[in-house]
Amino acid sequence: MDNNVEYELKEVSIQEGGSNLNINTPSGMSDGDFNSGANSPDIVKSENDFDKLAESLEKESKQYFAAQDNENNAGESEEDFKLRRYFENSQRMALSNGSKPKKMSICIRNLTVVGRGADLSVIADLLTPFNWFISLFKPSTWKIEKTSTFNILNNVTCFNRDGQMLLVLGRPGAGCSTLLRLISNQRGSYISVDGDIKYGGIPAKEWERYKGEAIYTPEEDSHHPTLTVRETLDFALKCKTIHNRLPDEKKVTFREKISSLLLSMFGIVHQADTIVGNEYIRGLSGGERKRLTITEAMVSSASITCWDCSTRGLDAASALDYAKSIRIMSDTLHKTSIASFYQASDSIYNLFDNVLVLEKGRCIYFGPVGQAKQYFLDLGFDCEPRKSVPDFLTGVTNPQERIIRKGFEGRVPETSADFEQAWKASELCREMERQQTEHEKKIEVEQPHLDFIEEVRANKSKTNTKTSVYTTSFPTQVRALIVRHSQIIWGDKFSLVSRYLSVIIQSFVYGSVFYNMQTNLSGLFTRGGAIFAAILFNAFLSEGELFATFYGRRILQKQQSYAMYRPSAFHIAQVVTDIPLTTVQVFLFSIVVYFMFGLQYEAGKFFIFCFTLIGATLATTNMFRAFGNLSPSLYVSQNVMTGILIFMISYCGYSIPKNKMHPWFGWFFWANPFTYAFKALMANEFMDLNFSCETEAIPYGTDPTTGAPYDNSVRVCASAGSRPNTLEVKGSDYLMDALTFKSDDRTLNIFITYLWWVLFIIINMVAVEYLEWTSGGFTTKTYKKGKAPKLNDAEEERKQNEIVAKATSEMKDTLKMRGGVFTWENIKYTVPVGKTQKLLLDDVEGWIKPGQMTALMGSSGAGKTTLLDVLAKRKTLGTVQGKTFLNGKALEIDFERITGYVEQMDVHNPGLTVREALRFSAKLRQEPSVSLEEKYDYVEHVLEMMEMKHLGDALVGTLETGVGISVEERKRLTIGVELVAKPHILFLDEPTSGLDAQSSYNIVKFIRKLADAGMPLVCTIHQPSSVLFEHFDRILLLAKGGKTVYFGDIGERSKTLTSYFERQGVRPCTEFENPAEYILEATGAGVHGKTEINWPEVWKQSPELQEVRRELSSLEASGSSSSSNENGVPREFATSIWYQTWEVYKRMNVIYFRDPFYAYGSILQAVMTGIIVGFTFWDLKDSSSDMNQRIFFIFQALLLGILLIFVVMVQFLVQKEYFKRDYASKFYSWFPFAISIVLVEIPYTIVCGSVFFFCSFWTAGLFMEGQNGANFYFWIIFIIYLFFCVSFGGAIAAVCNHMFLAMTLVPLLIVFLFLFCGVMVPPSQIPTFWKGWVYHLNPCRYFMEGIITNVLEHQKVNCSYEDLTKFNNPTTLTCEEYFVPATGYVTNTTSDNSECGYCIFNSGEQYYKTLEWDASNKGRSIAILIAFWMFNIFLVVSFVYLTRKPSR
């Protein structure tokens, strides 16, 4: 069939098709009807009449597609016809129900998009703030520099009719993704957008009111890993279920039918109850996760869908099935579909109506798919046999790939500007311009947007406002989100159980520390500590919400762009699910601690205790979320939150009474959620409680005038709240005198605690609605200063082309690889699934030889990646059976090092540039005998070959932040990292997945050169073009279940391969057909692929298998005697341990230096804490209350170190993931990483400690005149304590494999650090069980003993009048004569000695003696802290060793 005819037929189909976007289910059609193929629903007569017409149209469609099959094998399958019929019936029923058509075309005129130039996007580092500050004093920098810009898109004009499909093709950097984002109305990341985009006549500005009707689906997959496939899809349906459904059709029925349809359509119905999973949680395969992404986007029911490389990770058959489903939905539902593909087959290409080819942001072709190839042929280019049309269209822009026809040399376009000029001068361009003008006039006359607007309003919930962009109402969104959030939590039962188990364990620890507090003066003091500790416990436990907030940002951004729900609804749902979780948590904690504490045994007080703690926990949880939602970086929010927590702890009334607070920070007492919770809990416990002090009253001993004990009438309690003539302290009096709390305010304080919760809810709702920190699927490159390339410059473009051309012509043909023969035999691999074993690989055998390229193919889920993991010795879980040999010998210890493995996941350290990442690999993995200059030269060669020269000084970055190289560029870097190592054997897992055709061609050609030079390699490949496929020598084809279908030669023009299948009864492969697609079709690959032949059984009976086994035996018997190592001594690592350590340490310093958020975040934390603490405890004097303030000052310093643990732990966990990837490839051993990450923290820790010291030490009045040794001791012991905390955080991170486990473990360990340090609970009151070992093994105890004895050793105490405990003196003796205390001193408070004042201490030494501490132990304290620090380093090294291998 002629391509022009095909185009006209599609036009007819579009004009005759239905017009409603919404997927409505015909009444009477059940799930089983779709799955079984039933197509006779029981409906009214008029519907039957329409069925007859539909059947007639279906026959015509079958005839049309059958004809197309004969030409290009892209016809619809039986399932495709069922799908088409389903949509046609749905459309017909929707129209009969009064629905209006939503025919929204796209018209783009003169679209120019301006982006920020990379020359001013310089990599940030620790010097960036200093450089900025210095620039303020340079007049030459005061003039505002004009930001360099470049055109991402340049004057692009095109259109796409409703119901049509537009294919966007272009090499990386052509602007394809930008165009798709602009069509979906995502404009925020660009400097300017000029030109017009109209949606069915609606301007782009007005289109903002219809968010979700044009969606952009990026190539990466973002899903909640603990949700099942069904739950993920059902949630999307709940948010997008239209109001205008069929009569009497319930929402649940509608969702079930649509869910069943889509799951069947994309072949994941068998995985409906499987969790989605991610890189850490086992779930769907990569291909299945991609299908789920596509399914979720389809549920959005958008009028216009933009698909950006959405087939990445799918095999060729599944990609074709996906494209067919888009074609059917476009035809029947009149969806306007725009898609970009990097490697599209002709079968996929022919499904589209028009194609737009971009190069460097310029349009070089826009028109029918059937005329594109001829257009470029007419320009003077030639197309290789079997080369797909899409590959040809993008290849003509690459000087290394294009073929110029004889006689056209020097006449064809060379640069993007040349191509654009040629296109604009063509007759076809003028014809497309005429068609676009006519279409725009037609839109003005017909005004389809009026029906669109009416239908959009009809589909919305009736409770929605007219301006709402959402389908469902706010309450419906909240309900759906509540269910989903509950499913997310329930899906991760391990985390849920771990959380509650941690709470129970810690509650028993807390309860035992403050066990059975008595109603005496010691119980009076410790009750406040116990209640404060209860609040603090829940605060630390809530910090995990900070990490959860950042983790879910990308998913929230994606679903918000689909207009599924308001972000504020998302937060409300979180709040609602918080309530039962927090209630259970607090109740489990309270039921233990309340009664172990010995608090008042009254039901009312117990439930008030629980209710207040619930409010405080809810408020704290939402406070952490608020700081996460308001911050661009996790490190920023963490460090700011540390300062805020210090503030909250200092100003809640526990450590500093209200009347002792200085005015500059005293206001925070009222702006502190902890204040009201603490006041309420203290009032709840103290308001009806009296404390006896008969054994602790003063004066004590014997009256000097009588020789008898002092009469009780003159004795008073030595406590705040004491009153004359009584040996009891009323709790309410104590609250007022000591803390200035009113016990009558309990109810008010509880109410205000919950008001704080509400306030933080509102802040979060506003933050998530109006702030967006994710990149939305795009990346911005940053370069070293002065290293950014020039963009869209014709001369620069020619220069780059010449570099690549030269590199291609000067491929290192003399390169000698030391490859060997690698064989595998009877490979079986099983993994535990529940109580059974699942077989993933079943008797797979084969080999790779020097000089040969072997392709590993099969449908998604066939076990290709699993086989590579097994062969490359990367599997650490499950059971592997079978034999593997290298040169006929068992694999040596150096196998992983000499093997290059390009994995699917592109794991790279974001703090390095591309060149640094490649050089690091070359330095550590090439033989040490190779000079550094040679290694660097080879790196440059690889950069040129892979067209990454211009990216050499670009930061790798991360996709989450949107700063760094793109997805496609990461894949090239992954390959480059392995190639620069000069491996002896190369395994590549989908090296071309996500790459454009030209990059794929370059990579495969480069790999071919490596093979020709003697390297054996095997490569999984999903969607190979005919040209790429012909580079391979052999193929191993797997069926689902890991069974072999074929292993053998491909043959010239694939004849050997295709003849094998033809002999089994498969139709012949045509001359112009892609052999790779042919064999996948023959073996039933794809979503709905079917085959009646049991190919694994056919293979087992084939003579080819017998030949394979004979060859295997021969290869193993004739194995070479040479070792894999040229020196004859296998080494696990190429370089020495000390060289590794030096290189890893240098790299770690670069990474930290380029992470100002982390480094300055820690410093900012120290500055904030130092200023807060210093000015909180401003200029302390020598009164007893000021002495207590000194103790609490040091306690705040203690908390700084503890909070620093959280910050360090996050960084360690991130770096550990990169280490595991490096270790698997034997870059370096576990020891260099462990010791480097410990050493790199030291200077930053010293700076943090010193900053805190200088900000607070003099401010708080702790400087001791003439005691320089004591002043230095304060600094040095604090620095060593911070060393301990940093290494402690590293040890926790080293033993944990993911963040949640670490966040669960940290509070459990921290409780021992601060509870048993000797301040919150004096040593004399610590239970014997804990004191016997935990107290003496607590490093914080030695820090507190050393620093407190140092501060108080020479401190004299002179009580102020307010600090004195007053009692009457009925005698004529002076106060000093009347009562001689054991500690402290007595003084006159009146001139006549009638009233005496007792000061409990007269020196700081007396205080720390009561804690059983001594100043003579200061040296010992430092020594023990150093010992704990060294022990932590030992733990870090040990745990890094034990967890060095990833679980896979």
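Residue 1 is the first one shown; counting continues down the chain.
Cβ atoms are placed via backbone N, Cα and C, with glycine included.
What Swiss-Prot records for this protein:
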COMPBIAS  16-28  compositional bias 'Polar residues'
DOMAIN    136-385  domain 'ABC transporter 1'
DOMAIN    822-1066  domain 'ABC transporter 2'
DOMAIN    1157-1389  domain 'ABC transmembrane type-2 2'
REGION    16-41  region 'Disordered'
TRANSMEM  494-514  transmembrane segment
TRANSMEM  530-550  transmembrane segment
TRANSMEM  579-599  transmembrane segment
TRANSMEM  604-624  transmembrane segment
TRANSMEM  634-654  transmembrane segment
TRANSMEM  748-768  transmembrane segment
TRANSMEM  1157-1177  transmembrane segment
TRANSMEM  1191-1211  transmembrane segment
TRANSMEM  1233-1253  transmembrane segment
TRANSMEM  1272-1292  transmembrane segment
TRANSMEM  1299-1319  transmembrane segment
TRANSMEM  1422-1442  transmembrane segment
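Across all of the domain 'ABC transporter 2' (822-1066), the predicted model scores a mean pLDDT of 87. Nonlocal intrachain contacts for the transmembrane segment (579-599), taken as residues 6+ away from its ends with a CB within less than 8 angstroms of a stretch CB, comprise 489, 499-500, 503-504, 506-508, 510-512, 514-518, 523, 527, 530, 534, 537-538, 541, 605-606, 609-610, 613-614, 617-618, 621, 685. For the transmembrane segment (1422-1442), same-chain residues at least 6 beyond its ends with a Cβ under 8 Å from one of its own Cβ atoms are 1216, 1219, 1230-1231, 1233-1235, 1237-1238, 1273, 1276-1277, 1280-1281, 1283-1284, 1287-1288, 1290-1291, 1294-1295, 1339, 1342-1343, 1346.
Remote same-chain residues near the transmembrane segment (530-550) are listed as 499, 502-503, 506, 510, 514, 517, 585-586, 589-590, 593, 597, 613, 616-617, 620-621, 623-625, 627-629, 634, 637-638, 641, 645, 648-649, 652, 654, 674, 677-678, 681-682, 685, 1206, 1210, 1299-1300, 1303-1304, 1306-1307, 1310-1311, 1315, 1320 (criterion: CB distance under 8 Å, separation of at least six residues from the stretch ends). Within the same chain, residues 556, 567-568, 570-572, 575, 608, 611-612, 615-616, 618-619, 622-623, 625-626, 629-630, 673, 676-677, 679-680, 683 sit at least 6 positions outside the transmembrane segment (748-768) and bring their C-beta atoms closer than 8 Å to a C-beta of that stretch.
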